[in-house]
Amino acid sequence: MGNLVIVRHGESQWNRENRFTGWTDIDLTANGIQQARNAGRALAEAGFRFDLAYTSMLKRTIRSQWLMLDELDAMYIPIISHWRLNERHYGALTGQNRAEMINKFGEEQVWLWRRGFDSRPPLMDKDDPRSPCFEPRYDGLDRASLPLGESLKDTVERVRLFWDESIAPALRADKNIIISSHGNSQRALVKLLEDMSDEEVSRFDVPNSVPLVYKLDTQLRVLDRSSMNIPHPEVSAIL
């Protein structure tokens, strides 16, 4: 059975500014670029080789994947970018500063919006120009399937469909896979792999650019999970 490695993207500009990012296509900071390179270099030094790579449709995972594969000297492998691996959609909170939202709504409410398993944020208006319905990258998709705000539960179910459709079959075909993820899409994958409780996965921390390495059996049951110890110069706030 092949290896599965999941790595949250490097620090983005809105990570640094402590803003809800969701589906907004925000790029990496200079620090985030270095974090992604550090992760790729550590994987290369540990002897990892990959056959297939996955990202979301958002540039912070795509660029992080490029940087890791560059360090691995593996930019030739196929990269599949899919919207079902996108970050949780934060609805009307998108772009808002988390500290300001805490001042306005209280820490408990904002924690529920950030981490509550079945708590959806206030939805984005369907006519909001930031809606994914107006994004060319999602042309051809059923607009009804594109979210205007999601709970972590919604994100898990979205990711589950792509896991069953693409990632799990590739693992069963003995492919070594690296996924460049977001904080909440990574939580979704961890829940699917480990059958974590809703409470556990809500509290599962996902730092930037720290590879999570899974050893699986032929039934895709987890034999071992480990995090690589990578000394990043800075680590942005854990979402």
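The backbone N, Cα and C atoms fix where each Cβ goes, and this holds for glycine too.
Under the heading substrate binding site, TrEMBL lists 8-15, 21-22, Arg60, 87-90, 114-115, 183-184. Residues or ranges marked as active site, tele-phosphohistidine intermediate in TrEMBL: His9. Annotated active site, proton donor/acceptor per TrEMBL: Glu87, in sequence order. Under the heading site 'Transition state stabilizer', TrEMBL lists His182.
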His182 (site 'Transition state stabilizer') versus Trp14 (substrate binding site) - Cα distance in angstrom:
13
Whole-number Å only: compute the distance from the Cα of Arg88 (substrate binding site) to the Cα of His182 (site 'Transition state stabilizer').
8
If I take the alpha carbons of Gly22 (substrate binding site) and Glu87 (active site, proton donor/acceptor), what is the distance between them in whole Å?
5
Once DSSP output is merged into helix, strand and coil, Arg8 (substrate binding site) belongs to strand
Can you check what DSSP calls Gly22 (substrate binding site), collapsed to helix, strand or coil?
coil
Roughly how many Å separate the Cα of Asn184 (substrate binding site) from that of Glu87 (active site, proton donor/acceptor), to the nearest whole number?
6
Of the recorded positions listed as Glu11, Arg114, His182, the one whose CA lies nearest the CA of Glu87 (active site, proton donor/acceptor)
His182
Using DSSP reduced to three states, classify Asn184 (substrate binding site) as helix, strand or coil.
helix
Counting other Cβ atoms within 10 Å of each Cβ, which of the recorded positions His9, Arg88, Arg114, His182 scores lowest?
Arg114
Would you count the other C-beta atoms found within 10 angstroms of the C-beta of Glu11 (substrate binding site) for me?
27
How many Å separate the Cα atoms of His9 (active site, tele-phosphohistidine intermediate) and His182 (site 'Transition state stabilizer')?
6
How many other Cβ atoms sit within 10 Å of the Cβ of Asn184 (substrate binding site)?
27
